[in-house]
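Heads up: the structure comes next, in structure tokens.
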Amino acid sequence: MTNLTDLGIAAIRDGVARGDFTATEVATAFNAAVEAAQPALNAFIVTTPEEALEAAGKVDADRTAGRPLGKMAGVPIGMKDLFATRGTQTTAASKILEGFMPEYESTVSQKLWDAGAGMLGKLNLDQFAMGSSNETSAFGNVISPWRRPGDTAPLAPGGSSGGSSSAVAARIAPAATGTDTGGSIRQPAAFTGISGIKPTYGRCSRWGIVAFASSLDQAGPMARDVADCAIMLEAMAGFDPKDSTSLDMPVPEWTANLDPDMRGKKVGIPREYRLDGMDPDVARSWEDGIAWLKDAGAEIVEISLPHTKYALPTYYIIAPAEASSNLARYDGVRYGLRDLPEGAGLQDMYAATRAAGFGPEVKRRILIGTYVLSAGFYDAYYTQAQKVRTLISHDFTNAFREVDVILAPTAPSSAFALGEKSADPLEMYLNDVFSVPASLAGLPAMSVPAGLDRNGLPLGLQVIGRAFDEQGVLNAGLALEQRARFSARPAKWW
């Protein structure tokens, strides 16, 4: 019999529906895999084996009774610890929220439970989703299941959704939720050889997700392949009146309309993404992707996104500005950590709580954000950044008059070793160079594994689409997936 932990969403759901195995057997297998891997990978902050089994039991009972099963029936997933889960600790990987038990469920997680999914646990991440390597978590680094051949140095799983990427790549979860503000689904997916999609801004509700940068944050799925991402995204997406930025649009049937035939489609190759000193393996992978989409029938068109060079500085003004505003609410009064020095007044308590609760990277971004929003600098920085953001969005609008999707690398390199870049925040921020532009424009974008580099580590290719055209992104992703035939898995060392 196939090892149940080798199965993805579609295989589990369909196998449970056919009676090949029970949802309880699947949950039991993944619970055991999580327990075995957690000490080495640290992918989870909290594990919830009982919740996975309870959800599985309901699915098995529904099947026995002949009741209809949901899109995710019998699939146990990892939930990024940015999503509020009723009665289960939600921390955003920060000490300031340690022990916080929400009395409500995020819209996205509730939709997944309604579709028949169960929860294996809350996944580790960069603190408040601020980071590209999962080194800023207050609960320890997540370790990638991948290693360079002959080398035991622990590698970064990407970030901020590093717990999600590590768990899916290590086969201890068939899928996981992620959030993407400037690349936090796509970059970790690329680093670990899995697929992940950031949908159009507003496609998935932000209600109940701990906010980082509210005009950028978007939830999405991370899974073994493109089809599994489509299935999970259908379950996650949908209008939510509790989120003022939610799109009041029906959820398309992305899975039923998956089609890798690219005939009649034009694929844009942005010349500004060809950076000086680009990693030769990344450049080769990009050329492979161009050839694969051409083979699938697409016409390749070189395009220009002239304001690309301003995307990173624009992002690192807007995102910290929004973060400094969002994180002002954490004061130790109603929930989470409270640091109350003896004889302290209210303002002293605020300062002590925030000093003890926030990590260095979060403090750095709060300081940057507060600075660019201050009276003397607001127009010089924040207002200018918003103007440039509009120009970047217009670049994409103009490009999509000529082409249907855009192909680019997901990240400028494969996974790096933990500690390799953490001493230099600016070097770490450069990891987002290919992913940030689509985020600023609110466009759907996904990463698909494309092969291995010279060190035997995964590389990802990124497909960017028009707003609301997740179907076009998924279809191009499927065309790449079928031609890349990526089947490499990390050698098990944990």
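Note that the numbers count up from 1, one per residue, in the order the chain is shown.
Placed from the backbone N, Cα and C atoms, the Cβ positions cover glycine too.
Residues or ranges marked as active site, charge relay system in Swiss-Prot: Lys80 (among others). Taken residue by residue with DSSP, Lys80 (active site, charge relay system) is part of a strand. Proximity of Lys80 (active site, charge relay system) to non-local residues of its own chain (separation of 6 or more, Cβ distance below 8 Å) is seen for Lys122, Leu123, Leu125, Ser161, Gly163, Ser164, Ala176, Thr177, Gly178, Thr179, given in sequence order.
A coil conformation is recorded for Ser160 (active site, charge relay system) in the three-state DSSP classification, outside any helix or strand. Neighbour density for Ser160 (active site, charge relay system): within 10 A of its CB lie 34 other CB atoms from the protein chains shown. What Swiss-Prot lists as active site, charge relay system is Ser160 (among others).
Here Swiss-Prot flags Ser184 as active site, acyl-ester intermediate, drawing on sequence analysis. The Cβ of Ser184 (active site, acyl-ester intermediate) lies under 8 Å from the Cβ of Asp126, Ala129, Ser132, Gly159, Ser160, Ser161, Gly178, each on the same chain and at least six residues away in sequence.
The list of residues near the region 'Disordered' (140-168) in space but at least 6 beyond its ends in sequence, with Cβ under 8 angstroms from a Cβ of it, reads 34, 37, 40-45, 78, 80-81, 120, 123-126, 129-134, 174-181, 184-185, 187-194, 196, 222-224, 411, 415-418, 420, 455-458, 490-494. Per Swiss-Prot, the feature region 'Disordered' maps to 140-168.
Per DSSP, the region 'Disordered' (140-168) is made up of 7 helix, 1 strand, 21 coil.
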